[in-house]
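Taken straight from TrEMBL:
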- 22-73: DNA-binding region (DNA_BIND)
- 11-38: coiled coil (COILED)
- 20-72: domain 'Homeobox' (DOMAIN)
Amino acid sequence: MSSSMESSRRNGDVMQDMNLAEDQIKALEENFMKVSKQPDEATLMLIAAECGLSEEDTAKWFKLRYSKWRTSEGLPAVCGSVKD
């Protein structure tokens, strides 16, 4: 298995382990697609409050979701790669 597939699989497993409710996932996805894929601290705080999650859990979700999105776009999972 390639490293990008392994990374994607691990990220998906971790996201499932977060045990988020369907409405929380929907709100997070909407913010990811419409507001920002990498929200700043103030935006994260607002999204966390909207979803009823801690800022840490919200930031973790966005980090994992961003990595998953980059992989789906054919990019390395982590920014700053020489391959970017």
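In case you wondered, yes, glycine gets a Cβ from its N, Cα and C as well.
Because TrEMBL annotations are produced automatically, they should be read as predictions rather than curated entries.
Averaged across the DNA-binding region (22-73), pLDDT in this predicted model comes to 96. Under DSSP, residues within the DNA-binding region (22-73) fall into helix, strand and coil as 42 helix, 0 strand, 10 coil.
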